[in-house]
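Worksheet for the structure shown next.
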Ligand code: BES
Ligand code: MN
Ligand code: ZN
């Protein structure tokens, strides 16, 4: 990962491949953002005009490259768009953290192949340092594990065959300022774990089966002093986890339930995070058609997010207990697979008639939610690439939030907004429940087609323990970016929900949530 440093050095004297500056979209054209005063001055006041001549407007995501002014050690200036200029009368209002994060990410992506860049973006307080740091580390991400023929040391999953930016110095941030340092450390810890989650999502399913994922979780837990427990097929059988076993029944790679317990001696609250971890979703006997299965290695994104969030909580030493549950299985068709028509006896004791084996996520989550509920946590949040219906409803960048408590749903939404993860609150309409009535079992795993994301949420609600506050994040849209990279979001696994979960843990620790 890119190495981040804080620096008070002057931009002109820095030995770097490039200086990154911010450009905002002003009413009358591009405006050079604060932080780049020294750079602008070296162009003798012509910088905004030069940028305009080059076609720059200051729009979000825009990258304009120009030769550095004479006297600068760095040869190149990279001007990155910050979007609309903030209101002047708001007393020199700072740029929105998400605008800084996105701009830093776009610049980092434009600098692949470079060894070192200095970022002279506007820094107000420590939260700006965190946003820029996060944007750089997340934007510079590339997945190159499986690139064998690209030139040595220049392998990259970012499509241009160049290595990611190696080093970034954040100018305007103060290396001796305690808050700036803490902000950088937090950004680094979370970005590192988030990028690890992206690696897991991008790893092909022939290399990441439930046992492999569990082994990685075990090793990481050990490294960070987290208690870990892995239930294999035998243990799941003994415990009566019919949902997880039913989904994993068709695969040659057996299912696992991983429990990660991070505890703090100063904790007053306990959060449980539950992740859907289908390492590959073929649909099972209700096989997905071609065109709907090539990206289904991403169906463990929820478990990857939970995993990253628990490790982050430990690295940050948050004063809250966080238990992560990874419900891992591979959904495959075979002679031993669960059939449409089978009835599963779930961990909760309820029976489920499986009408469609492609509605498998709710089955593994049901067992994990019930298991999580047994510890009576203050709240449970599950994260899952659960339904195509949620993608139709909210598109590919926004996740849906459902909950059994209005205040908690709003709190989760606020946390998501705070960290820059687009999300929207969705209802759980009671009338949709009867569509899942089964003539044979307590409930069926499918209901009405319309509102399929909400139906799935209603199914999960049945497996949350009595009186436990619960929220469900359906991340099927934003978990995996099939389009081109944007801002700090790469192609492929995105790591969506990691930062929302970490923020929820922080807010719970500080007593600002529930
Ligand atoms: N993993 C899929 C949902 C999904 C779709 C994730 C697109 C990411 C992108 C899930 O297991 C699934 O197949 N859901 C079905 C449910 C249906 C059979 C009730 C769906 O949404 O079609
Ligand atoms: Mn499915
Ligand atoms: Zn699935």
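Any Cβ shown, glycine's included, is placed from N, Cα and C.
Bear in mind that TrEMBL entries carry predicted annotations, made automatically and left uncurated.
According to TrEMBL, the feature Mn(2+) 2 binding site maps to 276, 281, 299, 360. In sequence order, 299, 300, 301, 302, 303, 327, 361, 364, 365, 382, 383, 384, 385, 386 are the residues of the chain that are 6 or more apart from residue 276 (Mn(2+) 2 binding site) and have a CB within less than 8 Å of its CB.
The Mn(2+) 1 binding site annotation in TrEMBL covers 281, 358, 360. Using a 10 Å radius centred on the Cβ of residue 360 (Mn(2+) 2 binding site) and all shown protein chains, the other Cβ atoms total 30.
The active site annotation in TrEMBL covers 288 (among others). Residue 288 (active site) counts 15 other C-beta atoms within 10 Å of its own C-beta, drawing on all protein chains shown.
Residues annotated as domain 'Cytosol aminopeptidase' in TrEMBL: 356-363. Here the domain 'Cytosol aminopeptidase' (356-363) has long-range neighbours at 243-244, 246-247, 276, 278, 281, 283-288, 299, 329, 331, 333, 337-340, 344, 346, 384-386, 445-446, 456, 459-460, meaning same-chain residues at least 6 beyond its ends whose C-beta is under 8 angstroms from one of its own.
For residue 362 (active site), the same-chain residues lying six or more positions away in sequence with a CB closer than 8 A to its CB are 386, 445, 456, 459, 460. Sequence annotations record features per position, and here TrEMBL assigns active site to 362 (among others).
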Residue 288 (active site) - helix vs strand vs coil (DSSP): coil
Pairwise Cα distance for residue 358 (Mn(2+) 1 binding site)/residue 281 (Mn(2+) 2 binding site) [Å, integer]: 8
Non-site residues, in chain order, whose CB comes within 8 A of the mean position of the CB atoms of 281, 358, 360 at Mn(2+) 1: 247, 278, 282, 283, 284, 286, 288, 296, 299, 331, 357, 359, 361
Integer mean pLDDT for the domain 'Cytosol aminopeptidase' (356-363): 98
Tally of residues which DSSP labels helix, strand or coil - the domain 'Cytosol aminopeptidase' (356-363): 3 helix, 0 strand, 5 coil
For the Mn(2+) 2 site built from 276, 281, 299, 360, further residues of that chain with CB within 8 A of the site's CB center: 247, 277, 278, 296, 300, 329, 331, 361, 364, 384, 385, 386
Most Cβ neighbours inside 10 Å, all chains, among the binding-site residues 299, 358: 299
